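Chemist: For reference, the structure I am asking about is given below.
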Amino acid sequence: MLQVESVRYLKEENQIIILDQTLLPTKEEYLTISTIESLWEAIVKLQVRGAPAIGIAAAYGAAMAAQKLDVTSYEAFNQEYQAITAYLASSRPTAVNLFWALNRMEQIVKDHSHQSVAQLKVQLIEEADLIKKEDAQMCKQIGEHALTLLEDGQTVLTHCNAGAIATAQYGTALAPIYLAKERGMTLRVYADETRPLLQGARLTTWELMKAGIDVTLITDNMAAMVMQQGKIDAVIVGCDRIAANGDAANKIGTYGVAVLAEKHGIPFYVAGPTSTIDMDTKTGSEIPIEEREAIEITNGFGKQTAPDGVKVYNPAFDVTPHELITAIITEKGVIERPDEAKMRAMFGE
Ligand code: MRU
């Protein structure tokens, strides 16, 4: 298992330590965060990224800011806490884990109106700790379920980074790879570089190599060819929000990989904890898709690669229709050929 913590809270100092993912793979440096403004910025700049890690960071951010509220009445605390939540919720729109974690934290405030502000502050830290702990457990269970779909010696293609550093531990799409390694099995990985911010090239290869896993980097436009050459047995990707009908938003380019997998008869798996499932969003068309600045495409990593003033469209995510998904893998189990009825059944609805 990869021994890297993407988000950590220091109780005594009331500070959040974040692995700065924008500096990888060349520098492994940690940011010390002590204001919600700097946490908001870290989320927007992708210094902390990946749906579950964003949720964990936001939960600690809310808890950290709450510690500093200099009020004594519940009403005043609640009012200021709402403002903290609204601010953090404005950082990124697509990954539902952000809103899921903030809602969970807010519920603590709502449910404990009879308690002192001092007690509430402690409970908020405990809840953020729990969100992180549960995420690690969910990721491990996702890995267990995903392993039932894979065989020793197989090669998996992944897109973006849904690994340990995008979660509390293990990752989602990469969880079965780490578990396989722990059990003496061999799974090989092809990592799409993932234009334009190169999460695959910079992060997925970094963490897999660090863990001693066989990984091969390809550019995004090579996925079709490696599938055609028979090099890929399965695709596993993470997700930022799964709608009630099983449509799944993930890093831009995922949809294309799903179409390619279908064409080549390769199973296409989406791995994510139930905190990434949004049953209030009926279909993928309702998922808000973040659009990011043109400069990420025209001047990626400091080099200008397009003419000044060129029109740019830069959606950060796309939606894979559920018809293209062989199975969704959550901590609760595997939903084959997902649809709304199967999704609701998993939640006991
Ligand atoms: O923009 P990013 O880097 O936050 O996008 C991340 C992804 O698309 C991941 O695949 C997803 O969040 C799952 S992380 C376990």
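Just so you know, glycine gets a Cβ as well, placed from its N, Cα and C.
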Chemist: Which residue of Gln141, Gln199, Gln304 does TrEMBL report at the same substrate site as Arg49, Gly50, Ala51, Arg92, Asn250, Lys251?
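Modeler: For substrate, TrEMBL names Arg49, Gly50, Ala51, Arg92, Asn250, Lys251; of Gln141, Gln199, Gln304, the listed one is Gln199.
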Chemist: Which secondary structure state does DSSP assign to Asn250 (substrate binding site), in the simple three-class scheme?
Modeler: strand
Chemist: About how far apart, in whole Å, are the alpha carbons (Cα) of Lys251 (substrate binding site) and Cys160 (site 'Transition state stabilizer')?
Modeler: 6
Chemist: Filter the recorded positions Gly50, Ala51, Arg92, Cys160, Gln199, Asn250 down to those whose C-alpha lies within 10 angstroms of the C-alpha of Asp240 (active site, proton donor); answer none if the list is empty.
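Modeler: Cα within 10 Å of Asp240 (active site, proton donor): Gly50, Ala51, Asn250.
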Chemist: Please report how many Å separate the Cα atom of Gln199 (substrate binding site) from that of Cys160 (site 'Transition state stabilizer'), as a whole number.
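Modeler: About 5 Å separate the Cα atoms of these two residues.
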Chemist: Taking the Cβ of Cys160 (site 'Transition state stabilizer') as the centre, how many other Cβ atoms fall within a 10 Å radius?
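Modeler: Here the count is 30.
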Chemist: Measuring CB to CB from Arg49 (substrate binding site), give everything in the same chain under 8 Å that is also at least six residues away in sequence.
Modeler: Gln21, Ile43, Asn161, Ala166, Gln199
Chemist: Round to a whole number and give the Cα-to-Cα distance in Å for the pair Cys160 (site 'Transition state stabilizer') and Gly50 (substrate binding site).
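Modeler: Distance (Cα to Cα, whole Å): 9 Å.
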